[in-house]
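A.B. asks: One structure is given below, represented as structure tokens, and several questions about it will come after.
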Amino acid sequence: MSNKLEISRRSLLLSGAVGAAGLAVSSLPFGRALAAGSLSVGFIYVGPRDDYGYNQAHAQGAVALKKLPGVKVTEEERVPETVDVEKTMESMINLDGAKLIFPTSFGYFDPYVLKLAKKYPDVTFMHCGGLWKEGEPDNAHSYFGYIDEAEYLSGIVAGHATKSKKLGFIAAKPIPQVLRNINAFTLGARSVDPAITTQVIFTGDWSMPVKEAEATNSMADQGIDVVTCHVDSPKVIVETAEKRGMFTTGYHANQAALAPKGYLTGAEWNWEALYPSFVADVLAGTTIPHLVRGGLKEKIVKTSPYGAMVGAAARKQADAVKAQLEAGTFVIFKGPIKDNKGNTVIAAGVSQGQTDIALESMSYLVEGVIGSTS
Amino acid sequence: MNSDLVLRFGAGAKVFVVSLFAIVLSLIVFGIFVVLSGVNPLDVYRLMYVGAFGSWFSWQNTLLRSAPLLLTALCTALPAQMGMVIIGGEGAFVLGGLAAAAAGLLLSDMSVPALIVQGAMAIAGMCAGGAVIASAGALRHLRGVNETISSLLLSYICIAVLNQMVEGPMRDPTSLNKPSTRALPDWAMLGNIPGMDIHVGLIFGLLFCLATYMLMFHTTFGFAARMVGGNVRAARMAGLPVGRLILIVTFLGGAAAGLGGMVEVAAVQGRANATIASGYGLTGILVAFLARQNPLIVIPVAILLGGIDASGGLLQRRLDMPDASVVVLQGIIFVILLASESVQEGINLPGWFRGIKPRSSAVAVAEGAE
Amino acid sequence: MDETSIGWWGVPLAIFAGAIRISTPFLFVSLGEMVTEKSGRINLGLEGTLIMGAMSAYGIAYLTGSPWLGVLVAGLVGTIFGMLHAGICSLPKVNDIAVGIALMLFGTGLAFYLGKPLVQPQAPNLPSFNFGWWSDLQQVQSALKINALFIIGVVLAPVFLWALRNTRWGLILRIVGDSSDAARAMGYSPLAVRLVATAFGGFMAGVGGSFLSLYYPGSWNEGLSSGQGITAVALVIFARWNPMNCLWASLLFGGASALGPALQSVGVTQGYYLFNAAPYVLTLLILILSSSSHRHIAGAPGELSVTR
């Protein structure tokens, strides 16, 4: 603590000197002194914010905040998960007077958000990833959505659309969030027809355009006719699939504009609905829970509007399940569920609801998925 | 010794003045570039100053970012003394980080004192990084494989190895959504320099630069190595062990980058994962060239580039400029500085700058060393 | 087994198709770089040129609706970058490798800077020819859907080989590359020849970049190039400055890049990072095998810094 005080004293002295030198602090576009009721919010993205994907979804949330009166939003994109993000956050706090920060990439939390949350107790950190644990700083929060609900609905629509009964899923890495999406998608599709299989290809990283295009093509060559993905920017995959005459379901944001012929539906984040509520809470001084989670019911995720090619049967089944999910009466991971090696992973009679901690460490692929987690 | 210093200073002053002029010119060119994209260059300059050097916070930000660059720059600068262009610092950096994480986890499990864990991590990091670049050196010496290309290819391979290891054999099963190795215990982590928010990696970098400067410019070994760089055939005829010199110097360069990777693991990330490969090795190449491959000049250049990096965020946030603005500026500086090198010969500084009549500095150093 | 599946046969087919799809940028960059290196200079900046080409092609195609105009502009932008490289290199005491690295950085930065507004829009893509009409297999049809640029590249390789051996231009290029002094004695300006050769290399790299953004994968973003430009420079060395070898090397490299996804799609799921690294390992191995410390690499231009 004493260390921190000393630093701020020194920085005050220095900025005083700077002011005297003519590069006046007052000339900064927005200094520390903000009018009462106003809030400076910082957004940090790991990739480009117009990527048709993960970062764009968050940036749409930022756009929603910009419309609020008294809220000033600053954004920085393509910030790697290194000391860069620590310094970006600190710079937002020190130079922009940010009181609320959205570090939107999973890897920003540990160690960077944790470190700065301790150092700046009066700043609220809203991290995307759902990582906060008991004992971690009070002003750090982490949220995430049960987007597998939307993936399940996408699976239903895909299950109706496929003719070859073979679906494709292009994913970055075999991590639990990704596996959960693959499994939900597959379970949704197999609820339509248990003969359906999902081929998985892992590209190895979150943004690899040539690999993603190559994976899409090799799926097309294998006779797969509906493809979806979990990578940072689905743009290349959706475009390539459209060229190959495949159907696609989107992810992160709405990619319908990229594939007018093949875009069935998609699993989207609904950050523009969630973020304004965080800001309202911070302004009102209301306590925000450390972990915020939710799915369709809580309006944290949503589905893309159906494409014109989605048939009536598909719409009917998907809408029915969607209504149950919104009412909180539908469980996706409900036993008996076997993995694709034949082991029972969820026993008959066991229902793992969305809040079930077991789902957080999912390490298997369900029956019907072709691929392996290692 | 004293006259040698004066001579050195006189020659250095010319480099310094020309480089400074090149940087100012680059800033002007960059200013014109931003005007064309509709931004007021004065705002840009002011924000760059504020973001990089305008306050104690900004200074720390700058220095923290320069710490890894000091080490990765040496990976290019040291082999360059022998006439080799190595651009594989990124690979040495990530493999160094991976090896350091492995060593650190192994030893911290045995609960030996922190200093020993850190020492072992540093050695492991340096050995791994050194091995990568030394193998480029060995390939050059034994098979005549071009070291620029081979070090680049090795770099891609190292990154693949890192990914394979942290998602396979070395993965911590509880690192759910960001595959990583297990985290080092807090007590084994490198701390900050007292009174600052900068980890001790900065000191490692500074010491490495100073030590290798002394080695390359003030010892017989360094003289011999640079003689190989000047003319391999002459060096062979003088009976110098060319192969061994190449191996040692490339190993040292790789060790510097590997130590950078160790610092990234032991002071910043606390574990090895894919984000270790975030481009410090690439920026290091730029630092080395801007510093004319001189380990001592690497220090101010790394700080300058750290500052440019630190100010990039402010340009994005305040002026809505693309994140690539700083890369454009770096590119412009690089190009203009290279071009200025040839101009340098033709420039005569005022008499009081020149001091003593120039001699070949290598000869002067050799005399000083003997 | 249903009729749409061809099982393991899909692997060689995917590698074949991938070789054609992925190799084109390598082919163009390496053919251009081959000419540059023949003149005795190496341009590592082609990575930056490639990315600038990709960006400008996409931008022009988007604005004008004509992908071919995009290709042309990409070539012109590449030419400018090549001339910049040659111009700086013609100053005394400037290292061509260093200038290359500088231009790699500058080109990449500039492309990302100017390309920011192009991440979102969709530009029209280059057309392709369907050579697979004779087959009922959809896989074969798609594998034989071949882009015009690839065909141009394939045609250019033997033309280059012929031109290098049999034309006055080829002769001048080789003389300049082997000995500046000899060229000067014969009345040719090495600097001027290298300027032309490097500008041409830039043109080809720019066109290679346009393939990335306008055909495969066919859109512009900042992760588009994963080092294709600089790897192509390495390909030239192991192709030993022979245009036909550049073609084979590019195809090999493209096929190796397709290996990872192709194997996964038939169920080989282990170690995809290592498969992803396969092209680099392959290049390194071939470089090691084809080099020697005792003799000059066959076909190497005498003035080329990287082989001395």
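Cβ from N, Cα, C; glycine included.
Copied straight from TrEMBL:
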TRANSMEM  B:12-36  transmembrane segment
TRANSMEM  B:85-108  transmembrane segment
TRANSMEM  B:114-136  transmembrane segment
TRANSMEM  B:148-166  transmembrane segment
TRANSMEM  B:198-224  transmembrane segment
TRANSMEM  B:245-268  transmembrane segment
TRANSMEM  B:274-291  transmembrane segment
TRANSMEM  B:296-315  transmembrane segment
A.B. asks: Do any residues, 6 or more residues outside the transmembrane segment (B:114-136), come within under 8 Å Cβ-to-Cβ of it, and if so which ones?
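C.D. replies: Result: 75, 79, 86, 88-89, 91-93, 95-104, 107-108, 145, 147, 150-151, 154-155, 158, 187-188, 190, 204, 247, 250-262, 265-266.
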A.B. asks: Counting only pairs 6 or more apart in sequence, are there at least 3 Cβ pairs under 8 Å between the transmembrane segment (B:198-224) and the transmembrane segment (B:296-315)?
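C.D. replies: Judged by the Cβ rule, the two regions touch, with the required three close pairs present.
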A.B. asks: For the transmembrane segment (B:296-315), what are the same-chain contacts with Cβ under 8 Å, counting residues 6+ beyond its ends?
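C.D. replies: For the transmembrane segment (B:296-315), the sequence-distant neighbours (Cβ-Cβ under 8 Å, at least 6 residues beyond its ends) are 15, 23, 44, 47-53, 58, 61-67, 69-70, 73-74, 77, 205-206, 209-210, 213, 283, 286-288, 290, 321, 323, 325-326, 329-330.
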A.B. asks: Give residue numbers and ranges for long-range contacts of the transmembrane segment (B:274-291): same chain, 6 or more residues beyond its ends, CB-CB under 8 A.
C.D. replies: 19, 68-77, 80, 87-94, 97-98, 155, 159, 162-163, 166, 179, 257, 260-261, 264-265, 297-298, 300-302, 304-305, 309, 330, 333-334, 337-338
